[in-house]
Amino acid sequence: MSEVISVVARNGAFQKNMITESFESDNSDNSDNEDYNMSGSDDDEEKPATRQIASDSDIMTPGELITDDPVWMRGHGTYFLENKTYSSVAGTVSKVNKLLSVIPLKSRYAPETGDHVVGRIAEVSNKRWKVDIGGKQHAILMLGSVNLPGGILRRKSESDELQMRSFLKEGDLLNAEVQSLFQDGAASLHTRSLKYGKLRNGMFVEVPNSLIVRSKNHTHNLPGNITVVLGVNGYIWLRMTSKMDLARDMPPGGSTQTSGGSMGPTGAVSLNPNSNISITRLEEESSWKIYSDENDPNITNAIKQTISRYANIIKALAFCEIGITQERIVIRYEASMAYNDIGSLIQRDNMENIGQEVLNAEKMRGSAA
Amino acid sequence: MTLSVAEKSYLYDALASTPSIRPDGRYPYQFMPIEIYTDFLPSSNGSSRIIASDGSECIVSVKAKVVDHTSDDDLLHIEIDIAGERDDALITESCTSLFNKLLKNIDMKKLQLTKKYSFKLFIDVLVISSNSNPVSLISFGIYSSLNSTSLPKLVSNFDDLEVEELPMFHDYDLVKLEVVPPLVFVLGIVKNNIFIDPAASECEVANNGLIISWTNGKIIAPIRTLALNDTNTKGFNPNLIQEGIKLVEKYASDIASALQNI
């Protein structure tokens, strides 16, 4: 294969095989249905095959019959025709009491309170920002739910309302937490912690949100001086590790914090350089720096290359539909050192190798899900 | 695609440094991986579907018709349709005019059937999705679809000027069309670096772009500059045009052979 371009040839006269297969299965379905109709007209009680509901682990496809029992209430992902309930999405069946719904395998991100998300400002409007988090609706970030510059918990004022674009403008990336959900399912975000805020010093990668597992911690320091923010919505930020990131991983009470210029990832400076940096205490001054657009001038080429390598690994894991966790990223990063040039990691067979090796390694250690 | 100021400056610095660091780690001369389906439309003489790893996708179909070339000497007709763009949009029209010019480089003799009749090829391009400028993808699509084109085999006489007869074809034998279509390359320029096949994020920070066409081992007209974004476009050092041409000359034959060997 040439190093300039990798070309994968695909055959297929419009997926001929698929069509014949589905014809065959259609035929068999029809014969099944005919059988069932005949037996059904004979005796209404004896039709166990269709009275039974698909079990939880079954994957339903759009248009597939789930049940013809009318007692079930029809939830999301289903539709109802002539007393029969069909699936309208591809996914697994979920039953809660008498409510029947199909949870799609892939869908837009559905926010939940407490989720750590990465978003991009889509719109600046009256006292709020609309944030694209890859959901059905834009999330709302109220002016009152951000740290305002110069403020130990100061109140928002009219002048803040007038200069909202100087804090966050269209296109800006930030990480935030879902504070609550509105009636219509839209998320309300907040960045009232110094670990949230505008993102700098790195690169953005997007993966399907189904691959990110909700966990306690979504910010991880990786080998090679890189920090990753795995947003639950599938938006990922890779950046150079800041002092704040290092402080987060230290045991509480340690006095290893260096004095002076202790700048966090969001640009917050500790008022008292001798004390430990605390990422939740808002007494620390949030200056205008937290909304700066300047990157750290000390990002070396080596770090940029490492970020590209991590980005390619994450894309390869997403390509193989493997859930993205810190452990997997680190294992693959170390193994990817075998590929000297980062650009080869985007080739299809290398991506498949990466996915296969992750699965094999987890099988060997017995930690496969 | 909107990027934040910090993202743009990070990308710009990475691409402008020596050696340049592309966001996906590619070399300056490296393309995104592509997947190609050829000959998948049953009702056309040749077709291809080409998908780049960033999700850009384009379908090309080639259909042939027998025409009297003494009255109609325009033997190639190309139509480009870009999803989400109007037929009279700037991007669609400029792509169409670019390819109409480029396909003049194809040897029309290969389409001739008899002294009077020729095949006329209708090339229909549909860009289903594109994240950056689609001309490169379209040219790859045209290249692989023309390569997979088979036309009916002529059984009647070549010389039909004296005997007035219409061309007759074999019932099922087909002849492969042997033409060498040109390839088009898009290059992005950031500061003093030039790189091939810019991705959407790279286009967003590029200072300028170049379109370079190539066929049969040599660079051909047209060579154009191309603004890849509205905000960052600047002038560039004219030496970069030469550098770009050298880059294409060096690697284009690899692309052509990769597209042929499928």
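Cβ atoms here come from the backbone N, Cα and C positions, even for glycine.
Any TrEMBL annotation is an automated prediction that lacks curation.
What TrEMBL records for A:23-46 is compositional bias 'Acidic residues'.
For A:250-260, the entry in TrEMBL reads compositional bias 'Low complexity'.
The annotation domain 'Exosome complex component N-terminal' is assigned in TrEMBL to A:59-96.
The feature domain 'RRP4 S1' is assigned by TrEMBL to A:108-180.
Counting residues of the domain 'K Homology' (A:202-242) by DSSP class, helix then strand then coil, yields 3 helix, 21 strand, 17 coil. For A:202-242, the entry in TrEMBL reads domain 'K Homology'.
Residues or ranges marked as region 'Disordered' by TrEMBL: A:19-62 (among others).
For A:250-270 (among others), the entry in TrEMBL reads region 'Disordered'.
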DSSP residue counts for the domain 'RRP4 S1' (A:108-180), split into helix, strand and coil: 12 helix, 29 strand, 32 coil
For the domain 'K Homology' (A:202-242), mean pLDDT (0 to 100): 93
For the domain 'K Homology' (A:202-242), distant same-chain residues with Cβ under 8 A (at least six beyond the ends): 105-109, 111-112, 115-120, 133-135, 173, 175, 195, 248-249, 263-265, 296, 298-299, 303, 306-311, 314-315, 317-318, 321-326, 329-330, 333-334
Counts of helix, strand and coil residues, the domain 'Exosome complex component N-terminal' (A:59-96), according to DSSP: 0 helix, 21 strand, 17 coil
